[in-house]
Amino acid sequence: MTQHRIAVLAGDGIGPEVMAEAQKVVDAVAAQFEFGIDWHSYLVGGAAIDATGAPLPEATMSGCEAADAILFGSVGGPKWEGLPPNSQPERGSLLPLRKHFELFCNLRPAQIHPGLEGLSPLRADIAAKGMDLLVVRELTGDIYFGEPRGRHGEGEQEYGYDTMRYSRGEIRRIARLAFEAARKRRGKVCSVDKANVLQTSMLWREEVTTIAADYPDVELEHIYIDNAAMQMLRRASEFDVMLCGNLFGDILSDEAAMITGSMGLLPSASLNAAGFGMYEPAGGSAPDIAGQGIANPVAQILSASLMLRHSLNEIAAADAIDAAVSQALADGCLTNELTPAGQAGLSTAAMGDAIVARLSQGVK
Ligand SMILES: NC(=O)c1ccc[n+]([C@@H]2O[C@H](COP(=O)([O-])OP(=O)(O)OC[C@H]3O[C@@H](n4cnc5c(N)ncnc54)[C@H](O)[C@@H]3O)[C@@H](O)[C@H]2O)c1
Ligand SMILES: CC(C)[C@H](C(=O)O)[C@@H](O)C(=O)O
Ligand SMILES: [Mg+2]
């Protein structure tokens with residue numbers, strides 16, 4: 001029986017709550033499809049700071065190195081916001097993990113589930129047309145990592161600065177993946193930039209246009225980030241692959257998540273050139289609802305499904321999870337943030353159970 005070794009980094013806030021449900025669902029699907037999962041849990045983020053003083057302990061890094069894939073929850077929260085920047089959970093663990101494993105390609109699929117148009121905050125006639133898009137977000141460059149960065153001066157004169165920076169090579173490799181993804185979908189790439197202002201974006205647009213010549217079967221549209229944020233609300237159904245740099249992709253993926261109904265629905269895969277991946281919900285540790293057992297585990301569960309698909313080659317198992325999630329949602333199994341105001345939704349654990357219960361049904 002194939003055994004897969006997974007590094008589990010649950011992290012902070014709702015991270016451990018939704019991670020437990022993802023593990024429950026993966027264990028169930030593994031039994032069904034007869035493969036084994038060895039879970040190895042490691043400290044990360046605020047939880048690691050509290051236990052060891054560091055957001056990314058050596059044991060966590062070596063555990064990730066030894067694993068076939070990383071399943072990540074979320075890190076951060078008010079408790080650690082006062083720490084020096086590089087000691088904080090996000091800058092001290094999540095970004096270094098992405099950089100260390102060169103996880104430059106972040107895939108964030110966002111779908112209005114058929115039949116669940118009513119969950120979308122979009123106007124009904126627009127939501128009725130549906131949405132099925134894939135944000136392809138560059139994850140190891142841009143203003144997130146560009147140097148120099150820092151703070152300088154004192155008093156009124158003090159300023160902060162960051163560097164937005166992309167090389168042709170970095171643009172090329174993410175653009176190619178976006179065009180490849182579009183070929184397997186509806187054949188459209190919308191490249192997001194701010195080329196009317198930023199040098200980085202001018203280079204981005206130039207390079208994406210060059211790469212597009214190798215994909216004559218894929219339609220390319222360039223769009224400015226401000227217009228993209230607006231057009232997604234106006235004609236969500238028309239977008240297929242949205243190719244973005246790190247910062248713009250961060251912003252548009254939250255918007256895409258909310259168009260589907262909730263931050264708690266959007267999974268993501270962060271991949272390197274060798275196919276190694278870290279899988280994490282697009283949303284965060286949700287301090288406002290942490291500890292109450294009401295977070296939506298779907299984004300974490302679908303992230304686990306992406307892991308089965310992209311890193312572990314357990315395609316049938318991934319299909320089964322996706323089908324079970326869709327069925328549970330279609331059956332009206334909804335957590336609090338998706339239910340009409342005043343109505344209690346399912347708990348995190350009950351939502352996980354509802355998905356497990358549907359695993360063996362409806363799988364083609
Ligand atoms: N990958 C990560 O680890 C990651 C991602 C984003 C934010 N963060 C961190 O999380 C902390 C909180 O950030 P934020 O409030 O800006 O964003 P957030 O995504 O944690 O929360 C935004 C809103 O979405 C809701 N939400 C998010 N996930 C949900 C879920 N699964 N079910 C139901 N509702 C959900 C929250 O309750 C909140 O109202 C910060 O420290 C931030 O840096 C971490
Ligand atoms: C927590 C933060 C550093 C992270 C990001 O900006 O990439 C998050 O918002 C995300 O979308 O994964
Ligand atoms: Mg984000």
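Glycine is no exception: its Cβ is also placed from the backbone N, Cα and C atoms.
Taken from TrEMBL, the feature domain 'Isopropylmalate dehydrogenase-like' covers 5-355. Per TrEMBL, the feature NAD(+) binding site maps to 77-90, 284-296. The annotation site 'Important for catalysis' is assigned in TrEMBL to Tyr144, Lys194. According to TrEMBL, the feature Mg(2+) binding site maps to Asp226, Asp250, Asp254.
TrEMBL feature annotations superimposed on the structure.
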residue : record                         : contacts (Cβ under 8 Å, 6+ apart)
Gly77   : NAD(+) binding site            : Asp12, Gly13, Gly46, Pro89, Ser285, Pro287, Ala290
Glu81   : NAD(+) binding site            : Gln88
Tyr144  : site 'Important for catalysis' : Leu95, Asn246, Leu247
Lys194  : site 'Important for catalysis' : Ser201, Tyr224, Ile225, Asp226, Phe248
Asp250  : Mg(2+) binding site            : Arg137
Asp254  : Mg(2+) binding site            : Met263, Ala282, Gly283
Ile294  : NAD(+) binding site            : Thr335, Asn336, Glu337, Gly345, Ser347, Thr348
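Close contacts with ligand 3, defined as a Cβ under 6 Å from any of its atoms, occur at Asp250 among the binding-site residues Gly77, Asp226, Asp250. Asp254 (Mg(2+) binding site) falls within a helical segment according to DSSP. Around the Cβ of Ala286 (NAD(+) binding site), the number of neighbouring Cβ atoms within 10 Å comes to 23. Within the same chain, the residues at least 6 positions away from Pro85 (NAD(+) binding site) whose Cβ sits under 8 Å from its Cβ are Arg91, listed in sequence order. Contact annotation for binding-site residues (Glu81, Pro85, Pro89, Ala290) versus ligand 2: none, no CB falling under 6 Å from a ligand atom. The sparsest Cβ neighbourhood within 10 Å, among the listed binding-site residues (Pro89, Asp226, Ala290), is found at Asp226.
Contact annotation for binding-site residues (Pro85, Asp226, Ala286) versus ligand 1: Ala286, each with CB under 6 Å from a ligand atom. In sequence order, Ile225, Ala229, Leu247, Phe248, Gly249, Ile251, Leu252, Ser253, Glu255 are the same-chain residues whose CB sits within 8 A of the CB centroid of Asp226, Asp250, Asp254, the residues recorded for Mg(2+) being left out. Secondary structure at Ala290 (NAD(+) binding site), taken from DSSP and collapsed to helix, strand or coil, is coil.
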